[in-house]
Amino acid sequence: MGEAITHVTIVGGGTAGWLTALLLGTYWKAQAGDRDNRRITLIESPNVSTVGVGEATVPAMPRLLQQAGISERAFFKHCNASFKLGVLFDNWNRDRKGERVAYINSFNEGPLIGGVDSAHHFLQHGAGGVDFSDVITPALALGRAAKGPRALNAKPYDQGVGFAYHLDAGLFAGMLRDICVARGVEHVRDDVVDIEKDERGYITALVLKEQARQPVELVIDCTGFRGVLINGALGEPFVDYSKYLANDRAAAVQIPHLDPERIEPLTRSTALGAGWSWRVPLYNRVGTGYVFSSAHRSDDEACEELLAHLRATGGDATKDAVPRIIPMRVGRTRNPWVKNCVAIGLSGGFVEPLESTAIYMIEMSLRSLLSYFPDRDFAAPLRDRYNKIATQLYDEVRDFICLHYALGNRSDSQYWIDAREALAVPDSLAANLELWKHALPTRYDLTSAQLFSYRVYHAVLLGKKVYETGYAAPPTCGVALKREPWRQYVKQVRKGIDQTVKAMPDHKKLLTSLRGEGEAAAGPKIPAKPTLPQATVPLPGQAAPMKPIIVNKWGRG
C-alpha cells in the first residue's frame with residue numbers, strides 16, 4: 001500500500017464545495033475523532049458567483065443533515081427552509097378529453113395487495129374517479145390544504161409523512177461554510193491561475209493569484225460548469241446530452257408569496273410553451289423560473305413567457321420580477337475522476353433540475369469516493385469503479401428525465417412535438433418503453449436504481465395517464481384481480497388521508513414553530529461539532545435509493 005492521503009484540497013465553494021468538505025470532515029471525524037490529523041483546504045474564488053438555484057431536494061436530505069450533526073431548527077431558521085412532499089407536474093400531458101393532466105410524484109408508495117402491486121389493482125379497477133397518487137399518499141391532499149407533514153411536537157427529523165426540503169441555496173451554502181470553518185476546514189479566498197503537474201500528469205500544486213502556491217495530494221474540482229481542473233487543466237472530455245434533452249437555459253427569479261400565510265409544501269413543475277416552469281415555496285419567498293430550449297425561445301421570449309405565466313398565477317406579487325438567465329451545460333464529464341482529481345457537482349455533470357437531484361448527486365459522489373478512497377498510489381481499479389458508478393448515476397437521471405418528454409402527448413407547440421419526435425431516446429430507456437407497453441416496470445428493468453426505483457416509474461406512467469391516451473393498453477399481471485380487497489383498501493386509505501389532513505398542522509404554523517418563536521432574525525447559533533454519536537455517521541458506501549419512503553398509515557415504516 002502507498003502512503004495515506006492526509007490533505008484534500010477542494011477548489012470551488014457553493015453547495016458542492018462546502019457540502020463535500022462537510023461530509024468528508026464528518027466521516028474522518030467519525031473514523032478517528034480528535035486524533036485525526038488529516039486536513040481539508042477549500043479554495044474559493046472571490047470573483048466567481050455560484051449558480052444558486054438548486055432549492056428543492058429529495059428525501060435523502062433529512063438523513064444527510066442529521067448524520068452531519070446539523071440541528072434541524074438551525075437549518076430551517078438559517079435557510080428559510082420549508083417542507084417538500086413531492087413534485088406536482090401540471091400541463092405535461094393531455095387526457096382523453098384534451099384537458100391538461102396534473103399528478104404528483106411523491107415520496108410514498110402503495111402496498112402489495114394479495115401479493116400484487118397496487119398499481120396493477122388501480123389499472124384493473126380504478127379508484128372511483130380519483131387519481132393513482134390519491135390512493136397511495138396524502139401528499140397532494142396535504143398540499144391542497146397547505147398542511148405540514150408532521151405534528152407540532154414531533155421530534156427533529158421525524159418522518160410523519162415522507163418529505164424533503166425546500167431551501168435558499170445561497171443561505172444553505174453559507175451555513176455549510178460556517179460549519180466547516182468552525183470544524184477546522186481551511187478557507188482560502190483566491191483565484192487559481194495555474195497548476196503544476198508531475199511527469200505522470202498528476203496535479204502537484206495550485207498556483208494562486210495572490211497567495212502562496214498550494215501543494216496538493218488529492219484535489220476535488222467543484223468549479224461548476226467551468227470544470228476548471230477536470231475539463232480545463234486535465235482536458236477530460238464532456239459527454240453532451242443535448243441529443244436527448246433540448247433544454248439548455250434557465251430564467252430564474254425570486255418573488256414574494258401571494259399569501260404569506262399559505263405556503264404550499266410542494267414543488268411545482270408546470271409545462272410551458274418551450275420547457276417548464278419551477279415553483280419552490282420557501283418560508284419567506286418563492287423561487288421560480290423557466291427551464292427552456294434556446295432552439296425554440298430567445299432569452300427575451302422566454303422571460304416574457306415566464307412573466308406572463310407568473311402574472312396569471314401570482315398577480316401583483318410578480319410586478320417587480322426581473323429574471324436572470326443561466327446557461328446550462330447538460331451532460332457529464334466522461335470520467336469525473338482523472339489521475340488525482342475528482343469532479344463533484346456541476347463540474348462532474350448536470351441534468352436539468354426536473355427531479356431536484358443536484359444536491360443528492362453531490363452526496364452520492366462523495367459517498368462513492370469514500371467507498372473507494374485512494375492512497376497516494378491512486379490505484380486504477382478504485383478510479384475505474386468510481387467512474388463506472390458515476391456514469392451509471394448520471395445516465396440513470398438522464399433516462400428518468402427523458403421519460404417525461406418521450407411520453408408527452410402535447411402537440412400545441414413545435415417544442416413539444418420535437419421533444420417527443422425529434423430527440424433521441426437513450427437505448428436503455430427505449431427498450432424499457434417498449435417493454436412497459438406489455439408490463440408495468442419492475443426492479444429487474446433498471447440496471448441502475450440509485451435514485452429512482454421502479455415504483456417512481458409507476459407514479460409517472462399512471463400520473464401521465466399514458467395507458468388511457470394511446471401509449472398502450474393497460475398491462476395486466478397475468479390474472480384478473482379481485483375487486484373487493486382493492487375496494488376495501490381504497491376506502492380505508494381515503495379515510496386515512498382525510499384523517500391525516502385534519503390532524504396535521506398548517507404548514508406555515510409548523511415552520512414558524514420549527515424556527516423557534518422569539519428567536520433573533522439572524523437565526524440560532526449553528527453547532528460547530530456533530531451532535532450525534534459517531535456510530536450514526538455511515539457515510540461510506542451507497543446511500544439508500546430514492547425510492548418512495550414506505551409508510552404505514554403515514555407513520556414511520
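Glycine is no exception: its Cβ is also placed from the backbone N, Cα and C atoms.
Shown in sequence order, VAL11, ILE43, SER45, LEU206, VAL207, LEU208, LYS209, VAL228, LEU229 are the residues of the chain, 6+ apart in sequence, with a C-beta less than 8 angstroms from the C-beta of VAL192 (FAD binding site). In this structure, VAL192 (FAD binding site) is part of a beta strand by DSSP. Summarising the annotation, TrEMBL assigns FAD binding site to GLY13, GLY14, THR15, ALA16, VAL192, ILE359.
The 7-chloro-L-tryptophan binding site annotation in TrEMBL covers LYS84. Counting Cβ atoms from all protein chains shown, LYS84 (7-chloro-L-tryptophan binding site) has 30 others lying within 10 Å of its own Cβ.
The active site feature in TrEMBL is assigned to LYS84.
Take the CB of GLU355 (L-tryptophan binding site) and look out to 10 A: across all protein chains shown you find 22 other CB atoms. The feature L-tryptophan binding site is assigned by TrEMBL to LEU346, GLU355.
Counting every protein chain shown, the number of other Cβ atoms lying within 10 Å of the Cβ of THR15 (FAD binding site) is 23. Of all the binding-site residues in the record (GLY14, ALA16, LYS84, ILE359), the one with the smallest CA separation from LEU346 (L-tryptophan binding site) is ALA16. Across the binding-site residues listed here (ALA16, LEU346, ILE359), the residue whose Cβ sits among the most other Cβ atoms within 10 Å is ALA16. Each residue contributes its Cα atom, and for GLY13 (FAD binding site) and GLU355 (L-tryptophan binding site) these two points are 23 Å apart.
Looking at ALA16 (FAD binding site) and GLU355 (L-tryptophan binding site), their Cα atoms lie 18 Å from each other.
For GLY14 (FAD binding site), the Cβ neighbour count at a 10 Å cut-off comes to 26, with all displayed protein chains included.
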